[in-house]
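Before we start, here is the structure in question, set down as structure tokens.
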Amino acid sequence: MKLRDLAGILPVEGIASVDLEVTGISSDSRQVKPGVVFFALAGTKADGAVYAADAAARGAAAIVAGKGSTIAGLSVAVLAVDDPRLALALSAARYFGKQPQTMVAVTGTSGKTSVAAFTRQIWEQAGYAAASIGTTGVVAPGRNDYGSLTTPDPVALHQLLRELADAGVTHASMEASSHGLDQRRLDGVKLAAGGFTNLGRDHMDYHPTIEDYHRAKLRLFDTLLPKGAPAVIFADDPWSAPTIQAAQAAGLKVLTVGRHGDFLRLKRVEHERHRQRAEVEADGVLYEIDLPLAGDFQISNALVSAGLAISTGTPVAKALMALEKLKGAPGRLDLVGTTVNGAPVYVDYAHKPDALENVLASVRPFTTGRVIVVFGCGGDRDRGKRPIMGEIATRLADVVIVTDDNPRSEVPETIRAAILAAAPGAIEIGDRRQAIHEAVAMLHAGDTLIVAGKGHEEGQTIGSETLHFSDHEEVRAALTERAA
Ligand SMILES: CC(=O)N[C@H]1[C@@H](OP(=O)(O)OP(=O)(O)OC[C@H]2O[C@@H](n3ccc(=O)[nH]c3=O)[C@H](O)[C@@H]2O)O[C@H](CO)[C@@H](O)[C@@H]1O[C@H](C)C(=O)N[C@@H](C)C(=O)N[C@H](CCC(=O)O)C(=O)O
Ligand SMILES: Nc1ncnc2c1ncn2[C@@H]1O[C@H](COP(=O)(O)OP(=O)(O)OP(=O)(O)O)[C@@H](O)[C@H]1O
Ligand SMILES: N[C@H](CCC[C@H](N)C(=O)O)C(=O)O
Ligand SMILES: [Mg+2]
């Protein structure tokens with residue numbers, strides 16, 4: 001592609017390098033090679049403008065920066081735009097050129113990974129070549145890559161979408177995190193439908209208020225989806241009403257799901273130990289669904305997923321029947337094993353207050369003994385959630401073990417102390433491996449253990465080092481040790 005092919009997105013008219021071959025797009029000067037267009041983004045740690053000279057020295061075809069940027073004295077053209085992040089997303093979409101025909105995105109504080117995975121599974125069962133993209137990585141026919149960001153940055157994202165489209169994937173579901181939406185990571189994606197699960201406290205280190213956090217999520221509905229596109233909204237959350245209102249105001253086709261849903265109405269649920277039976281009404285017809293997953297919240301996630309699949313063309317009965325074969329996303333109320341006396345051990349990704357509350361409440365109905373929870377909080381993340389999670393664990397579990405999550409650059413003891421301040425009677429075991437082993441050793445018949453916070457993660461970040469660590473592996477090892 002020539003630099004001139006980005007006209008309309010970038011102000012390239014009249015610059016000397018307009019016929020240069022563009023060999024890539026990047027917002028990281030360290031990745032720049034000759035011919036790459038470098039986007040100088042104002043970030044949380046640094047201002048990309050500082051690296052413009054570095055990018056130019058590495059052979060950048062042009063530098064894109066915000067209007068008012070002070071970049072000067074470079075031998076390469078500097079293109080000034082209003083919103084460099086938007087320009088990056090649109091340029092990446094144009095550069096990589098192709099994406100799966102039918103793409104949906106889901107936002108909300110909890111449930112995004114599950115909904116993305118479930119929507120992919122429904123499509124697969126309906127016979128489509130489908131992919132999902134999110135926190136746990138990328139899953140597509142013949143592909144299962146471990147993930148890092150929930151919503152990849154635009155360059156990685158569009159490169160991936162191109163690969164998926166080239167591999168014949170026609171349907172893809174992706175997670176839209178508030179960071180991703182706010183940072184315009186999805187602005188180049190052509191979306192057919194959007195979903196909303198719920199809103200609770202998260203990322204209060206990044207968003208100044210919950211209203212600001214909600215506004216970031218609303219970008220999916222009021223900015224990214226084209227007029228008339230379906231917005232599948234979970235109807236039973238305190239934030240459902242303002243979300244519905246915003247989607248309606250944006251001219252979207254609002255489809256609500258849940259107990260108060262009009263599109264898919266949940267009439268009744270019966271919980272069993274590791275599964276639940278739901279009655280769902282769609283278009284006047286009642287469907288009995290045997291959902292092979294534990295947790296009330298999984299029904300909500302399943303309904304949002306079915307709504308997304310149906311609204312993009314999957315027949316209703318096919319989508320609802322597909323729910324009977326759903327597999328939970330890795331590390332989401334994931335039953336890793338049971339002790340010889342039958343006590344189940346779940347690994348769950350609850351690392352924020354609402355998720356912890358939901359997961360602990362979900363296992364109570366089938367726990368005749370004690371609910372035991374092992375958890376911590378990540379360092380360099382929202383500090384305010386720590387005592388809130390301590391209080392929730394103390395209120396909803398019988399035994400609370402506070403351990404380390406990913407301390408990152410923080411002192412682990414300080415993080416634990418903030419949780420423990422609101423968790424009287426909790427046991428403190430900093431070493432996560434030891435905490436898991438001691439918790440498994442405590443289990444009696446009828447008890448349930450939840451190891452929360454890290455879910456699918458395969459590493460633990462202490463300082464700047466990430467060491468291999470898997471809650472799944474530790475639980476399995478502890479169960480084996482106990483059985484021996
Ligand atoms: C807070 C945050 O979201 N940061 C993201 C953001 O970085 P930033 O813009 O703040 O970067 P910065 O370090 O200030 O640097 C500014 C710019 O200078 C550039 N730079 C820097 C150094 C250099 O030598 N040359 C150079 O060009 C950087 O590439 C960057 O473009 O943009 C980067 C590129 O897209 C992301 O990788 C980075 O994610 C970091 C790694 C991160 O941890 N993000 C987490 C918080 C996140 O995004 N999480 C969400 C939600 C999770 C969930 O709840 O599911 C997610 O979607 O994963
Ligand atoms: N609909 C829901 N309502 C409340 N809690 C939920 C819901 N779905 C999942 N959870 C809880 O949140 C955890 C994370 O679920 P999931 O990974 O699907 O959400 P997510 O929105 O992708 O989260 P993250 O932003 O952390 O990636 C689960 O392990 C469970 O504890
Ligand atoms: N995407 C989330 C994941 C948090 C997972 C938890 N284990 C932690 O480290 O806090 C974040 O980066 O905030
Ligand atoms: Mg996720």
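Heads up, the Cβ atoms here are built off N, Cα and C, so glycines get one too.
Curation plays no part in TrEMBL annotations; they are all automatic predictions.
Sharing the feature lines straight out of TrEMBL:
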{"type": "DOMAIN", "residues": "21-92", "note": "domain 'Mur ligase N-terminal catalytic'"}
{"type": "DOMAIN", "residues": "106-308", "note": "domain 'Mur ligase central'"}
{"type": "BINDING", "residues": "GLY108, THR109, SER110, GLY111, LYS112, THR113, SER114", "note": "ATP binding site"}
{"type": "MOD_RES", "residues": "LYS217", "note": "N6-carboxylysine"}
{"type": "DOMAIN", "residues": "331-455", "note": "domain 'Mur ligase C-terminal'"}
{"type": "BINDING", "residues": "ARG381, ASP405, ASN406, PRO407, ARG408, GLY453, GLU457", "note": "meso-2,6-diaminopimelate binding site"}
{"type": "MOTIF", "residues": "405-408", "note": "motif 'Meso-diaminopimelate recognition motif'"}
At a 10 A cut-off on CB-CB distances, which of the binding-site residues LYS112, ARG381, ARG408 has the highest count?
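Result for the most crowded candidate: LYS112.
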In Å, how large is the greatest distance between any two Cα atoms among ARG381, ASP405, ASN406, PRO407, ARG408, GLY453, GLU457, the listed binders of meso-2,6-diaminopimelate?
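Between the outermost Cα atoms of ARG381, ASP405, ASN406, PRO407, ARG408, GLY453, GLU457, the distance is 16 Å.
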In the same chain, which residues outside the set ARG381, ASP405, ASN406, PRO407, ARG408, GLY453, GLU457 have their CB within 8 A of the centroid of the CB atoms that define the meso-2,6-diaminopimelate site?
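In sequence order, the nearby non-listed residues are HIS351, GLY376, CYS377, GLY378, GLY379, ASP404, LYS454, GLN460, THR461.
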Write out, in the order they occur in the sequence, the residues of the chain not among GLY108, THR109, SER110, GLY111, LYS112, THR113, SER114 that have a C-beta within 8 Å of the mean position of the C-beta atoms of the recorded ATP site.
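Along the chain, the qualifying residues are VAL106, VAL115, GLU175, THR197, ASN198, ASN301.
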Using DSSP, would you call ARG408 (meso-2,6-diaminopimelate binding site) helix, strand or coil?
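Looking at the DSSP assignment, ARG408 (meso-2,6-diaminopimelate binding site) belongs to a strand.
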Take the domain 'Mur ligase C-terminal' (331-455) and count its residues per DSSP category (helix H/G/I, strand E/B, coil), listing them in that order.
46 helix, 27 strand, 52 coil
Determine which residues of the chain contact the motif 'Meso-diaminopimelate recognition motif' (405-408) at the Cβ level, with the cut-off under 8 Å and only residues 6 or more beyond its ends counted.
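Here the qualifying positions are 351, 375-381, 415, 432, 453-454, 457, 460-463.
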So which of the binding-site residues THR109, SER110, GLY111, ASN406, PRO407 sit close to ligand 3, that is, with a CB under 6 Å from an atom of it?
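Near ligand 3, sequence order: ASN406.
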Comparing the binding-site residues GLY108, PRO407, which residue's C-beta has the most other C-beta atoms within 10 angstroms in this structure?
GLY108
Using a 10 Å cut-off between Cα atoms, which of these recorded positions sit near THR109 (ATP binding site): LYS217, ARG381, ASP405, PRO407, ARG408, GLY453?
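Of everything listed, what lies within 10 Å of THR109 (ATP binding site) (Cα to Cα) is LYS217.
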Fewest other CB within 10 angstroms, which one of the binding-site residues THR113, SER114?
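Least crowded of the binding-site residues THR113, SER114, by Cβ count within 10 Å, is THR113.
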Between ARG408 (meso-2,6-diaminopimelate binding site) and SER110 (ATP binding site), what C-alpha distance do you get in Å?
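Just about 23 Å between their Cα atoms.
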